[in-house]
């Protein structure tokens, strides 16, 4: 079981619940984080949560996972999914297992959203299950 799990939320996820609720749902990022924290405490595992709209801050946090005891990463790269080779390289450099999360079904949206720089190096991808995708990723991490 992964004892130290890092959850990373990418750009614009701080707007969840207000930004395009028909696409991303009514659940706020605070709701998601609170729910994950409760589940992690019950497990019990250490859970760290980080959100940034800045690519370099996300990269710095991923690189930090190499030396802070992180065992597993749950990441929603958001729009960086389709653009950030640098974030992909940081994840690859850690050699840590990670699950890629998307709240919406990226395959049912615009064609550019169907390209991910992360999926081929992730241990799994969860797409289109809304906030429940985070819970499923945490449940999976707890079995690793």
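Counting starts with 1 at the first residue shown.
Cβ atoms here come from the backbone N, Cα and C positions, even for glycine.
The active site, proton acceptor annotation in Swiss-Prot covers 24 and rests on sequence analysis. The active site, proton donor feature in Swiss-Prot is assigned to 102. Look at Swiss-Prot and you will find 76, 82, 89, 103, 104, 113 tagged as substrate binding site. Residues or ranges marked as site 'Transition state stabilizer' in Swiss-Prot (evidence: sequence analysis): 19.
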By the 10 Å Cβ-neighbour count, the most surrounded of the recorded positions 82, 102 is 102
List the residues of the same chain that sit at least 6 positions away from residue 76 (substrate binding site) in sequence and have their Cβ under 8 Å from its Cβ, in sequence order, or write 'none'.
8, 9, 10, 13, 100, 101, 102, 103, 134
Given the binding-site residues 89, 103, 104, which one has the fewest other C-beta atoms within 10 angstroms of its C-beta?
89
Residue 82 (substrate binding site) - helix vs strand vs coil (DSSP)
helix
